[in-house]
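Pulled from TrEMBL, these are the features on record:
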- ASP33: active site, nucleophile (ACT_SITE)
- ASP35: active site, proton donor (ACT_SITE)
- ASP33, ASP315: Mg(2+) binding site (BINDING)
- ASP35: GMP binding site (BINDING)
Amino acid sequence: ELVPSIMSNMLNPDAIFSNNEMSLSDIEIYGFDYDYTLVFYSKHLHTLIFNAARDLLINEHRVKYDYDPNFAIRGLHYDVHRALLMKIDAFHYIQLGTVYRGLSVVPDEEVIAMYDGSHVPLEQMSDFYGKSSQGNTMKQFMDIFSLPEMTLLSCVNEYFLKNNIDYEPVHLYKDVKDSIRDVHIKGIMYRAIEADIEKYICYAEQTRAVLAKLADHGKKMFLITNSPSSFVDKGMKFIVGKDWRDLFDVVIVQAEKPSFFNDKRRPFRKVNERGVLLWDKIHKLQKGQIYKQGNLYEFLKLTGWRGSKVLYFGDHIYSDLADLTLKHGWRTGAIIPELRSEIKIMNTEKYIQTMTWLQTLTGLLEHMQVHRDPESQMILEEWKKERKEMREMNRNFFNAQFGSLFRTDENPTYFLRRLSRFADIYMASLSCLLNYELDYTFYPRRTPLQHELPGWSDQLCTGTFRIPFLQETVQIK
């Protein structure tokens, strides 16, 4: 009886979701990252990155593994010293059943023995930008481009394990990281995309429509990206048009974010039409020009674009958004492409049925645990077993290995914790902006705190609503 009422209020995959109240009427300047913000790539790109990095990495051992696009999800942590890939929640607890050595899951008992439980201490976690540094054993993968890296790490680990090859996990991690970096730094990825742009870039008129809408309303716009000039130019001509630069007041390439937001020393350099760097001292950031490097402090000085009248969109929560919201007071928008597919799953009847029963079962366990007689304890153990099975079923709706990007069972993931802190709003793509007027105010939903939960929530958990299958269950007790 509950399922139809829940399904009548399904989530909109093209909605914009708010962590912090924000009115678009206050926004005068819109800024954008390039990769996975203005432009989206096809599934072929991750296969290209995986194969190119694999071939750069492997000399002595010919690893024959192919890229599996369904293996990893964003936001996972990698234990550099133990060569383990895992999912961690907002409270630094490992989600058991999601710890992988190579391509095989590690038994819960082994995980608990290794970590003296399932908690990862703060001093072992990655640094502010998700990197593994001295004293940190964990690296968090927050970038969409990191999906091939996680898969390559797991595949090479699997190869060494299956062939009984003794190896140092720290060396393997560094070499895989370097090979992925080289695919970008050496231009392998850029050249491949430019050579077959229709294969790798998902053409969408919505990007131009969004930019045109903002321009029609007199909004200032700028682009700050780590990608090189010719690569951005060809991509933007493909998805927006030859006149794409006319839409932007400032264009900055090879910005080297997140250093761009913190390093005050690097001046801007102008790039001419042939991609040559000029020596001109930059006194003003001019429309129609392309600039390289620079830093945010100089950018603020030259433009005067400060504070909450600026809204910047990016897909990397750390490199794109964290410094802007913490240090500079800009408003921030996170582009989370996975959001659309996850919401579509959450709207299915099967998912809603599973989640409704899982929540009810949890409530029954909470309220019935006071009964200590043998018969009651036997039923409680059966419910616990069923609850575990339902949790695994719920995880498989999203990703068979790691589940949802946003949840570890009941808790938010570490990824969602950072998203909630650093992004005022988040959405699947910039096209979602087309569904809103530019004076729209985003209000975050008031999520009840645990001590604020209304009475009806407890009623649902204990099954006191008039639902036949719940009444039957309670009558067993």
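Each Cβ is built from the backbone N, Cα and C atoms, and glycine gets one as well.
Those TrEMBL annotations? Automatic predictions, nothing curated.
The number of other Cβ atoms within 10 Å of the Cβ belonging to ASP35 (active site, proton donor), over all protein chains shown, comes to 21.
The 10 Å shell around the Cβ of ASP315 (Mg(2+) binding site) contains 23 further Cβ atoms across the protein chains shown.
Taking the Cβ of ASP33 (active site, nucleophile) as reference, residues of its chain lying under 8 Å away and at least six apart in sequence are, in sequence order, LEU223, ILE224, THR225, LYS257, TYR312, PHE313, GLY314, ASP315, HIS316, ASP320, ILE335.
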